[in-house]
Every structure is written in C-alpha cells, then in structure tokens.
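Copied over from TrEMBL, here are the features:
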- 1-29: region 'Disordered' (REGION)
- 44-71: transmembrane segment (TRANSMEM)
- 100-122: transmembrane segment (TRANSMEM)
- 143-162: transmembrane segment (TRANSMEM)
- 177-194: transmembrane segment (TRANSMEM)
- 240-258: transmembrane segment (TRANSMEM)
- 264-280: transmembrane segment (TRANSMEM)
- 292-314: transmembrane segment (TRANSMEM)
- 326-346: transmembrane segment (TRANSMEM)
Amino acid sequence: MSTSSQAQKSTSRKATSASVDTDSAHQLSVHSRQGRNKLLSESILPLLLCLACPFLVRSIVFICTHCHGSISEFFQRLLFSQTVTLKDILEDFFYFEWHWPSGIIIISFLIYAVVMTIILPGKEYKGPVTDTGHVPVYRDNGFCYYIVSLILFASLTFLLKLNHLSPTYIYDHWEEFLSTVSTFAFLLCFLVMLKGKYIPSTNDHRSSSNWLTDFYRGVELYPRIFNVDIKLITNCRYGMLAWALLTVIFCMKTFELYGFTDSAFITCVLTLVYLTKFFWWESGYMKTMDIIVDRAGFYLCWGCLVWVSGIYTLPSYFLVTHPNQLGWTSTAIVLTLGLVSIYINYDCDRQKIQVRSTQGKCSVWGKPARTIQAKYRLLNGKEHESTLLASGYWAISRHFHYIPELTLAFLWTYPCGLQHILPYFYAIILFILLMHRAHRDDQKCRLKYGLAWDKYCRLVPYKVWPGIY
C-alpha cells in the first residue's frame, strides 16, 4: 500500500472520528446532563425534585391560606406545633389526593384543549430541524384558541352567575384542585415516558435503563398522540391558558369579597396582556429551548400543568387574602411600566423573527442588520445554517429580552406590597430559571456553532445584564 493511500485513510479516519466526537458531544450537551457524579445528577437530584416540587407548591398555598402569608409562621407550625403530626404533614403536602369535581374540570379542560387545537383553523408552520433531520409541523391557531377560550369563559361565567354559581368555586377548593392536578400530572408523565420508550413518535428520543432519569427529564423530544403534540398541549394550550383563567378567577374572588381592588386589577391586566402577547407569538415559542431541547417529562410537563398553575398565579392568589389599595397614581405608573415591559419583550422577539425571515436583509433601529451566518451539521451529516443577530436589542446582550420579562414579574407582584416575601417567589424563581437558561443556551450554541458562536460572543459579550453577566 502506498504512503499517500495510507495517509488518506488515516486522514479519513481522523475526520470521521472528529465528526463522531463532535456530533456526540453536541447531542450530549443538548439532550443530557454532564457531571462527574452520575448517581447524584441522574438519580438523587431527580428524586428530590420530584418530591420537593409538589411539597413546595402545596406549602406556598398553605402559607397564603392558613399562615397569613408568613413563612416563619409556617415553619413554626410545621416544626414546633404539638398538634401537627407526621400524618397531617403527609396528608397536607405529599398525599396524592383526587378530588372528583376538580378532576372533572381538569380532564374536561384538557379534552377541550385537544379538540380546539385540532378543529381551529390556522396556517401550517415548521419548527427547527432536529439532530436526526426531523422537522415538526404545527398549526398556527394559538391566538385564535386564546381569544375563543376567553370568550367562552366569559359566556360560561355569565351563565353560572344567572344560576347563583361562580368560577370562583376553583379558588374555594384550590388546595384540592392543586393536589388533583398534581396527581394527574404524575400519571401523565409516567404514561408519556412509557410511550417514549416503546412507541416513540420520531427518532428524537433517548431512553435509558434509569427510569427515574427518564421520568424526570423525559424520553421524547416531540411526542404526539393522534398527531397532536403533547408539549404544545401541556405547555401552551393548558398551562398558559390556565394561568390566564386562574388569574381572572382569583381577581373575581377578590372583587366578590372586597369590591373593586386596584392591586388585583393591575396584576390581572398585566398578566392577561402578557399572555395575549404570548399566544400571538406562540409559533415563536415553539422554537425555543422548552420545545427544541427539553424533553416531555416531569421537568417540563408536570411543571406546565402544576407549577405554572400554583406558582405563576401566586400574586393573584395572594391578593385574595391580602387586598391592597394602591391609589390611581401608583396604579397608572405600574400599569404603564408593565405595558412598556411587555412591548419591549415583544419587540425583542419581533426583531429576531424579522431578521431570520429575511436572512438578515432588513434594517434594525434604522441601520442594516448586523448578522453572522452560523453553519452547523446535524447527526445525519446534513449541513444547515442559522442567522445570529447582533443589532438592536440583541447587540446589548444575548438575552436582553429576559430583562423586561423579569421587570414585568416584579411589577405585577408589586401590588401585593413589600411586607411579605412570599408573593415574590415567582419573580425569584423566574430570575434563577432565566439565568440558568442563558447559561444552558450559551453552552448549547457554543457546541453547535463553534467558531461562529465565539465570533458572535465577541460582538455581544454579555449574556443578559450589560456590564455584569
């Protein structure tokens, strides 16, 4: 064999090995977690989170309802009260309760979400291509679904009121409702895990011998039943719509008890406007990390069904038992700042969508868009290209849109007052979540785009906070 032939084969083997290593590293970074202690990261931590999150949600509701919103009073009752037994703790915070009226509401809501997602009109659009070459297809009817749902809810409320009933029944049985939806979500996550292991919808699935890891992180990236995307239903059509409706219900309860309360009004209006923006932009959300990176498991599905309902609605729920009058001046200031934050958050996403849809051939803030064309290779060997924007808001920081979102979270919680830290729990958790997401996104993009991402980071050096992080 000639020396040149041996050199060619050696070069070919090195190139193939490098490609495999790169692709494996990319797949690992996107779809799994790396760590020295696999027992901790893949077993102990998921187990603790699966136990702690339901306890945390139930505890926060308990504090609002039974402890005057005081965390210290809660721990005193939990740790030092002689009347509280272990049985009481298990029943109040860990028990998988099933309250049939709540169960009927939850299941009916999910059936409604699936049926409306199927029958409502909308243009088809495609999500990002996956590592295996799969391209998910959706119907763009989220905004229509949201508006129709609000109209139907208003009509249902009117009919209930005629019969001396009210949707605030859900508030009156909120602890039972949360326990029931948590029980249902655990069961759903287990069934989705089994489906991913034995009947996956696409090749974008990852099953392991560790069922706890698969339950927590999920198996499938794009699970579908009857061609309906499960993550679309849990994240958007149930989770986000439930957030809107529950906020309205809690505001109604506040008005029923105390008459018009400007604090509840502010929180409700800002939340509804923000979620209106979300559903208007739902097709953009279906291209974010929640959808293209996180698999359908406890972390995502239980979180959207239970965590969103119990934690994201916390300011509205808190105001029912802690009403607060701000006055017209403060009301106007908070509403104005909140609406400006929503607009900036929307405008950030609009800039990116506009630039990508025109391949960078457009203006941003009156100047030609500054972009980087970043090429990357899928696991099947096909090459694709993404447009990285370094103009407008995206020249300030790589995730500048997180800043108005965090500002908004503070503004719609501010009406709760500054006497208690509890209602700010959502804003605190959101801050941690978004900072962690910015870190994860940076890792994913650096591995995916390589030198192009390094060049982009030199143009836009900060992840979120200009001059800080």
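Here, residue 1 is simply the first one shown, and the rest follow in order.
Just so it is clear, glycine is given a Cβ too, placed from its N, Cα and C backbone atoms.
Just so you know, TrEMBL annotations never went through curation; they're auto-generated.
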May I ask whether the transmembrane segment (177-194) has at least three C-beta pairs under 8 Å with the transmembrane segment (100-122), counting pairs 6 or more apart in sequence? yes
Tertiary contacts of the transmembrane segment (292-314), defined by C-beta under 8 angstroms and 6+ residue spacing from its ends, are 30-31, 46, 49-50, 53-54, 57-58, 60-61, 64, 127-128, 130, 178, 181-182, 184-186, 188-189, 192-193, 196, 205-206, 214-221, 223, 230-231, 234-235, 238-240, 242-243, 246-247, 250, 422-423, 425-426, 429, 440, 444
Within the same chain, the residues 6 or more beyond the ends of the transmembrane segment (143-162) and with Cβ under 8 Å of it are 113, 116-117, 120-122, 237, 241, 244-245, 248, 252, 275-276, 279-280, 282
Are there residues at least 6 beyond the ends of the transmembrane segment (177-194) whose Cβ is under 8 Å from a Cβ of it, and what are they? 54, 57-58, 61, 95-99, 102-103, 105-107, 170, 211, 214-215, 218-220, 223, 230, 234, 296-298, 301-302, 305-306, 309-310
